[in-house]
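Worksheet: one structure, shown below.
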Amino acid sequence: MTSRKFKGDRTMESFKENVFSRNITKFILILLVAILSMCSLSFVAKADDNSISGTWQTLIDGKESSDGGLFFRFEFNENGTVDLTEESGDLNLTETKKFERNGDEIQIISAGDDKITSFDNAVLTVKSDSQIDFVTDEYTGVINLHKGGLAFFYWLLIPIVLIGINELCRKYKWATIIIYFIIPFAFIPIFAKQGVSHWFKWVKLYSVVFAVFWFFLVRYTKFGKKNSAKFIAATILGLNILEAVSQDFSMGKLPNILNGLAGIFSIITLYYGWKGLKKDDSKEGDMVWPLMTTLWIIAYDVWNWVFVYLNFPGSASGQFMVIVSCTIPALFIKKGTWLQARGFTLAAWFIYYFTFPRFTESMQLMVFRNDLTMNLVAFISIILNVICLVVFLKSLSKDKKMKLATK
């Protein structure tokens, strides 16, 4: 019995090695080529005739970082009407309006009692079969053609690629250096030309790159053994949560307040066992956090997705896949590596987004959203994090009793 079990364990380890090590470079390259091929579709600039139809959408950043994001979807119909949806803050509206096209110019006409008025005086200019530029009283941007079937395939592909990049960087130091320390700076001229102008997104990009750099120090230098290095590694995540909490509270609505409280509980429970964070003895030399529980990871994931759902509704589908990309390897490939995987996958995602922002936004799926679902997901978030807090307090009490018993 013992020898058979040992043989099975070796077989499983051999399987993992084949999947995640030997062929990983080829696997990632093939998937990257597939994604880049899809991205190239967004650069086809072929003028259409005077007709326009199909599903189009745009994501707009709020004026302030605390404003969240606005999501607009346009369903142009052949009868000269457009079904316009707006999701922002606690607003979830869909209205049917008239539109007129004269050459490359489109004018959207609202009725007197319509509530969606953001595009009433806008200048919409058709640039290609897949792009419409717009200028309103408050915003300028791009409306992209949305291809639903391609989008579903795209979002299934993204987590596979991100998980592959995580595995690559776990195993090879050179991959981490190239992807996170060279590309984010060498690509600045490319990033600057893609129209991502909101300072908040730029801060997000390089703050998560810094997180990967810090995790790199923990893995590959003696400094990583110091408690100060471990504490800072945990605090980077804590500050990221706190930043989101402040935005939730600034929105002031019930679901935002509930999710903001859930975020505070997530910060409190985050630090359990932080001194145990270390580089392990495996050949990969992973940064592991042995006492980070599955419950905390799931509670965090739910809180994080709910935050995006409430504040940046247009990005909810994409962020779900990004969240999944670090949770799967942490639960099923190498336990204890969630924080490391979170850094690798989130930074890789931001680098990709800054390279192809318009294509990425055109692929976002519209997640159903109304007052009921917003309150429901917020309640789920706070319930999970309250449970996590209760378990955390019980664990602290148990640890304290064990210490007293050993004295």
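Backbone N, Cα and C define each Cβ position, glycine as well.
Because TrEMBL annotations are produced automatically, they should be read as predictions rather than curated entries.
The feature transmembrane segment is assigned by TrEMBL to 148-165 (among others).
The list of residues near the transmembrane segment (172-192) in space but at least 6 beyond its ends in sequence, with Cβ under 8 angstroms from a Cβ of it, reads 165, 205-206, 209, 212-213, 216, 220, 344, 347-348, 351, 354-355. For 172-192 (among others), the entry in TrEMBL reads transmembrane segment.
Within its own chain, the transmembrane segment (198-217) has Cβ neighbours under 8 Å at 61, 65, 176, 180-181, 184, 223-224, 229, 232-233, 236-237, 240, 287, 339-340, 343-344, 346-347, 350-351, 354, counting only residues six or more beyond its boundaries. Summarising the annotation, TrEMBL assigns transmembrane segment to 198-217 (among others).
Annotation comment: TrEMBL describes 229-245 (among others) as transmembrane segment.
The transmembrane segment annotation in TrEMBL covers 257-274 (among others).
Residues or ranges marked as transmembrane segment by TrEMBL: 286-306 (among others).
For 312-332 (among others), the entry in TrEMBL reads transmembrane segment.
Long-range contacts of the transmembrane segment (339-356) within the same chain: residues 39, 42, 158, 162-163, 165-166, 169-170, 176, 179-180, 183-184, 187, 190-191, 194, 196, 201, 204-205, 208-209, 211-212, 215, 219, 233-234, 237, 277, 286-289, 292, 322, 325-327, 329-330, each at least 6 residues beyond the stretch ends and with a Cβ under 8 Å from a Cβ of the stretch. What TrEMBL lists as transmembrane segment is 339-356 (among others).
Sequence annotations record features per position, and here TrEMBL assigns transmembrane segment to 376-393 (among others).
Contact between the transmembrane segment (148-165) and the transmembrane segment (312-332) is supported by 3 or more Cβ pairs under 8 Å, counting only residues 6 or more apart in sequence. Here the listed stretches are 229-245, 312-332, 376-393, and the one with the most C-beta pairs under 8 angstroms to the transmembrane segment (286-306) is 376-393. Sequence-distant contacts of the transmembrane segment (376-393) (same chain, six or more residues past either end, CB-CB distance under 8 Å): 254-256, 258-259, 261-263, 265-266, 268-269, 272, 293, 295-296, 298-299, 302-303, 305-306, 309-310.
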